[in-house]
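Copied from TrEMBL, the annotated features are:
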- Cys114, Cys118, His205: Cu cation binding site (BINDING)
- Cys114-Cys118: disulfide bond (DISULFID)
Amino acid sequence: MALALLPARCLRRLPRLLPAPSRGLSGARGGPPSALPLGRRVAVVAAVGGAAGGAWLYLRARKERERRERRQRELRALALGQGNFQLVDHRGQPRCKADFRGQWVLLYFGFTHCPDVCPDELEKLSRAVELLDRDAALPRVQPLFITVDPERDDVAAVARYVRDFHPRLLGLTGSPEQVKAVSGAYRVYASAGPKDEDGDYIVDHTIIIYLLGPDGLFLDYYNRSKTADKIAESVRRHMESYEPLLD
């Protein structure tokens with residue numbers, strides 16, 4: 001109504017008198033803001049993703065560090081394998097625990113008359129050592145076999161037995177008292193079963209491969225479900241992160 005009252009000459013000037021339309025973020029004609037350029041969007045997503053990934057890696061590393069520290073405290077409390085032992089190797093040479101200080105050791109307790117489990121576990125142990133030997137940067141692992149059947153497993157019997165496995169495998173035996181002492185140090189259960197009509201018997205025993213660090217203490221163990229590849233991988237990780245358990 002008000003516009004109708006204006007003279008014609010004013011109406012011709014009206015467009016210049018009215019305020020110009022506001023310019024939004026989208027440009028001169030207003031409307032919704034335009035999206036960020038593709039390059040900037042990619043950069044933003046990459047930055048957010050990188051920050052999230054970095055946070056995840058940090059948390060995972062911290063969790064792994066805390067796990068190792070907790071496990072070290074547990075192992076110190078267990079202190080498996082402390083003390084010394086006196087045994088004889090398959091060459092007839094006296095052996096004590098100090099002979100293996102400074103070495104990484106994979107240790108298995110078994111007996112030479114074992115029909116299947118012990119050979120299978122020693123084959124797996126030997127294979128794990130072979131896998132580790134492929135990396136020249138890693139220290140050599142000493143494989144050990146300690147009998148839990150000293151009544152039958154004398155030096156000659158152990159010597160015949162270890163020939164079938166890794167060439168570095170060292171077999172150890174001793175008196176019943178000596179074998180009982182070393183088995184107890186590593187909390188190995190062993191119990192001979194009843195004899196058959198031929199005087200033969202089976203020894204029920206702990207079926208575990210032990211990993212010992214250079215300080216001679218237990219670091220980890222591998223049951224029958226662990227493959228040679230998994231054992232080698234675990235040993236490699238322990239070597240890379242090793243810290244002595246004893247001061």
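Cβ coordinates come from backbone N, Cα and C, glycine included.
All annotation found in TrEMBL is predicted automatically rather than curated by experts.
Of all Cβ atoms in the shown protein chains, 22 besides its own fall within 10 Å of the Cβ of Cys118 (Cu cation binding site). In sequence order, Phe109, Gly110, Phe111, Val117, Glu121, Val148, Val203, Ile207 are the residues of the same chain, not among Cys114, Cys118, His205, whose CB sits within 8 A of the CB centroid for the Cu cation site.
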